[in-house]
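K.L.:
The structure under discussion is supplied below as structure tokens; questions concerning it will follow.
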């Protein structure tokens, strides 16, 4: 209460920010008459003038009013569109490293031209980030005439483009592309084998469209480039046969309770756990299938991977539903994005889950993948010097933007007042009653010519509604992941009088729904239309537009509440754009996922006690409030998950930055011989110390062991025992020096054969490949550590601190291994002629090119990389899965260190 009173007196932070910015808007408006008098050439010359002023030390903030005024004037001349004052406010918010919340239809695409132009003046590049390739291309083509009029180059960074074209796109002043593509290019650049292979410049300014979708909904999805791991498809098929034998454990107070089941399900956490009874049955079935020996336990160390397969299969059957979480198309399991309802072609679940779903659906099981490089969007976008974003719905997530990305949210006012009517929710007892009520509402609305947009949360639900509409004889369009190609056409015509459109979640985001339909789409269908035809189409459209306005505008029906209020607001935001009339209502039932999981049984019991008849609905502010509270609970839980993920990923991020910085330094330097010499000294010192401890007596020296180690690991045959017999005065220090000198001599002879330049190339190649190989293994080990670290909590230890401590120890060990393997590899390589080194180099280059091509072709989360060939080239010894582990534990390789590779 007190806060509300103070806000009334002093204004909110948002009001104060906008008040300050309105003064600048007045300045910009004051410049308009003078700029109108300039010729096109004089207006174009302003860009060069601004750049010259920047070089002399003026700041972007000083240039902002004049630069914005120039863009507005250019837009009037090129598009015949003048930026509204609220769009100038939005542009200033975006330049201030903030998030601008601008309602649907307020012209976010045109607003983005202002800060994009201003920040591109620095010459460091501006990245405009969109959610899909279609929007990136559309926005780039729409804005290209304006930017090119002002002397700015514009390019699109598309998936599947060859490296030279990508390099050109990044060299442009303003680059449009998707979040995935920017992230993958960053990872690919950090896997490059020469500076010429890199495509990105230093990350300067990112302007993120639909920022909530990219920085919040996608934040839990890491971008992963991976290579194939070993084939275990048969095991997935065998384990898949076991799952149908298991019975789900119901709650004791539920109607279906029949005693202890084989597994329990936690829908909130999306987890499944075997019960004692389930464990016994699974072990029996595994023995029967011949996968496990009798008397063995599923929890024994040797069966950890088997346990992992069982859990993955169980999750695939219980938690993942066809046409909700994924679709099966052309014998392939394709993930459906839970937030947008779009299919994510090429993306695969990790940890064997995707293979388990493939086994469940009986399609071909593709090999598991092994991570070669990964980064989360949270960490990628924090690499930019300057970050800003815009969306129609950010205010509900303002706290998360502020705490994770240090971005403040500013709500930009609408150009015209909002007059949409948001009607209270209606809650029914069953799903069937709810669908009947929705059909009745649609009949009433379409009878008076009002267009209706029905929002569903999954493909399955959209098909249920579609069947009900077909049964009722109502014509309609369905917009979901299965009908991806027609998306923009369907959305464009969804405002036609009496049109009914069913859309999964926010499919079609970024395309406006025009009341009366889109006359532009009709014109585009005609071949070379005449002026009269265009005038006639516009006149017909105006009649339809007026008819829709008279009927009440676009009506939105939500078929259930989403986990996030923001996505509900996005659905509502499709109606009432730019001051148009409109209405919205959500229909819910007690069988909806959100109500079942989070709204307590009290509501259902209360509805029963009230003696509600079938078909009756509850409509009360209390119910709406209870649902909003349930959504808040889910939002805060999801925020905690993302925050937790970020805290763990920050540890990996520090290591990633260190490795990538080191790698880029290696790439940029032509000669790394000094580094190699320094590493050689460290490695030989450690090797000799292991057999000749410092300041020790001669009796403690292990000379045969040292000779054998030098021969096996460094291909160095030295008669150390003979030296000691012949020269009794040789002491520890002089012996060390002699061994090191001998190693250098052998290496120098190799260099003489092939030439210094060729040897430098070879050293660099070995260093980069070994670094990549060990980094890949380190990522896998970090994944395993991350999965089990929460168990440390039972020992009264802080899992996060334990993770930091152990991962640092693993990182230090990895760097030691790097030194050892590099020296071992370059010492063992037998070089006789320069042609041989050239052949090795050529082989490595071809491998790198093939890898890059595969990544470009697949343009997916799970990009393919040939890791096996790298191992052969660097001379690593291949260990069979059933061979004894080289670490000396006595276990088979597959049950020891083989699990990490």
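Glycine residues also receive a Cβ, built from the backbone N, Cα and C atoms like all the rest.
Below, the features straight out of Swiss-Prot:
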BINDING   87, 105, 106, 107, 108, 109, 512  ATP binding site
BINDING   885, 887, 896, 897  Zn(2+) binding site
REGION    855-891  region 'Disordered'
K.L.:
Show, in sequence order, which residues other than 87, 105, 106, 107, 108, 109, 512 on the same chain lie with their Cβ within 8 Å of the centre of the Cβ atoms of the ATP site.
P.N.:
102, 104, 110, 111
K.L.:
Can you count the other CB atoms that lie within 10 A of the CB of residue 105 (ATP binding site)?
P.N.:
21
K.L.:
Among 106, 512, the binding-site residues in question, whose Cβ has the most other Cβ atoms within 10 Å in this structure?
P.N.:
106
K.L.:
Looking only at 87, 109, which of these binding-site residues has the biggest number of Cβ atoms within 10 Å around its Cβ?
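P.N.:
When each Cβ's neighbours within 10 Å are tallied, 87 tops the list.
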K.L.:
Need one number for the ATP-binding residues 87, 105, 106, 107, 108, 109, 512: the maximum pairwise CA distance in Å, whole number please.
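P.N.:
Looking at 87, 105, 106, 107, 108, 109, 512 as a set, their Cα atoms extend up to 17 Å apart.
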K.L.:
For residue 108 (ATP binding site), list the number of other Cβ atoms lying within 10 Å of its Cβ atom.
P.N.:
22
K.L.:
Please list, in sequence order, the residues in the chain of residue 107 (ATP binding site) that are at least six apart in sequence and whose C-beta is under 8 Å away from its C-beta.
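P.N.:
Expected: 83, 84, 87.
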